Number of protein chains: 2
Amino acid sequence: MSSAVDYRLYLVTDTGQCGDRGVVTTVRAAVAGGVTVVQVRAKDGGDRDRLALVRAVVDACAGTGVPVLVNDAVDVALLGGADGVHLGQSDLPADEVRTLLGPDRLLGLSVSTVAEIGAAPTGVLDYLGVGPVHATPTKTDAAAPLGADGVAALAAATDLPCVAIGGIHLDTIDPLRDTGIAGICVVSDICAAPDPEAAARALRTRWDRS
Amino acid sequence: MSSAVDYRLYLVTDTGQCGDRGVVTTVRAAVAGGVTVVQVRAKDGGDRDRLALVRAVVDACAGTGVPVLVNDAVDVALLGGADGVHLGQSDLPADEVRTLLGPDRLLGLSVSTVAEIGAAPTGVLDYLGVGPVHATPTKTDAAAPLGADGVAALAAATDLPCVAIGGIHLDTIDPLRDTGIAGICVVSDICAAPDPEAAARALRTRWDRS
C-alpha cells in the first residue's frame, strides 16, 4: 500500500477542535475537499470510545482511497480496521509495532532531528512526520520549531516520504514547497474551520500550485 | 493457564507509590512475600517506557509461576510478553481484546455492578475484578464503595473467579473472607510499604488464615 499513498494533505484530527460537528463529519467534509490521509488522534477518554471513533472514521473514508491511521494505539488500529499507525518518539518502538501490524499496514514516525532519523529502524516505516515547522498551541510538548530550512534538512536525511507538521496554515505553506516533503499535515486549519471542506480545498489548491 | 491461576493476593503496581525503590524491586519483594498475580498499571508516560517496565516485571517474575498482567494496553502486553491484560469498563471490549490476545493469555475485567457482570461477554474472561470495596485515594474515578456485602453479591452473580479491589488493607481483609472471592487486590499496602516483602507476607498470612 505504501507506494501508492498520496501524502499531499494529511489531516490529524483534534476532537475538541471539531466541536459539535464532530470528528466524523469533519473528516467526511475534509476528504471531499481534498485531504489525502487521515490520522485519528484522540488522547482523551478511554480506548472503547477511541475504537468507536476509529471505526466511524474508517467507515466514512471507505471507498475514497484515503487511508486512516491511528495515533499511538496499535490495538485500537488493529481492531478498528485502520490502515496504519502513527508513532511518536515516546510510543512503542516502530520495529516492534511492525511485528503486530504485519507488512501491509502503514507505519509513520514523528521525528524532530536528524539524529532521530538516524535512530529510526530501517525497513519498517512508510513515512516520517517532520516537525514542528512552527510553534503551535496544539502540541505543547513539541521540540523547537524547524522552520522551512530545518524541514528541508530532515527531508534530505531520509529516503522516506516526509510530511511536515506544526503550525502549517494556508499562509505558511509556500515556503515548504521546495523542501522535498511529500505533503503537509494540518490540524486546526481544518478541524476548527467553519467549513472544513472549503478549508481542505484551499489548502490542497495552495499546495498543488507548485 | 486460567484454571491454574492462584488469585489469592493480586498486586496492582503504582509507580509513584513504589518511589525510588522502583516497581521491579517492589514486585520482586512482593512475590517473595507471597503475591500470586501482578498487574502492571502505569497510566503516566509513553508506551515505550510502559513496554520497558512490563518487560522488566516479566523478567522479575520469570520462573516464579506468578502471572504478569498489563492494565489496558493490549499492544504493550503482546510485545512485552505478559501473561494477560486487565480491562476497565472504558477500555477496549473484552471479546475484541480476546481476538488479539489469543486463547491462552489471561483476561480480566473490572466490574462494579451486577449489570456490568451481565453485560460482560461470556467465554472470553478469566476473572473479574470487583470493587471498589472501600473508597480509596488510588482511584478517584471509582464507583460507590460496595462493602463486603456488595462484593458477595457480585461474586454470587458470576461463575468467574473474583478478586476484590479498593481500599483493602491488612485490617479490612477479614470481612471479605466469606464473600466467595478468590483473592484480594492491593496497591498501597504493598507499593508504599517500607518492606514490601513483609507487607505481602502479612497480607497473605491474614488472607490464608481462613
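Glycine is treated like the rest: Cβ placed from N, Cα and C.
Now, the feature entries from TrEMBL:
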- A:GLN39, A:VAL40, A:ARG41, A:ALA42, A:LYS43, A:ASN71, A:SER110, A:LYS139: 4-amino-2-methyl-5-(diphosphooxymethyl)pyrimidine binding site (BINDING)
- A:ASP72, A:ASP91: Mg(2+) binding site (BINDING)
- A:9-190: domain 'Thiamine phosphate synthase/TenI' (DOMAIN)
Taking the Cα of A:ASP72 (Mg(2+) binding site) as the centre, which of the binding-site residues listed as A:ARG41, A:LYS43, A:SER110 lie within 10 Å of it?
A:ARG41, A:LYS43
So if the criterion is CB under 8 Å to a CB of chain B, which of the binding-site residues A:ARG41, A:ALA42, A:LYS43, A:ASN71 qualify?
none
Please compute the mean pLDDT of the model over the domain 'Thiamine phosphate synthase/TenI' (A:9-190).
96
What whole-number Å value do you get for the CA-CA distance of A:ASP91 (Mg(2+) binding site) and A:ASN71 (4-amino-2-methyl-5-(diphosphooxymethyl)pyrimidine binding site)?
9
Determine the most Cβ-crowded residue among the binding-site residues A:VAL40, A:ALA42, using a 10 Å radius around each Cβ and all protein chains in the structure.
A:VAL40
Binding-site residues compared (A:ARG41, A:LYS43) - the one with the fewest other Cβ atoms within 10 Å:
A:LYS43
Sort A:ARG41 (4-amino-2-methyl-5-(diphosphooxymethyl)pyrimidine binding site) into helix, strand or coil using the DSSP assignment.
coil
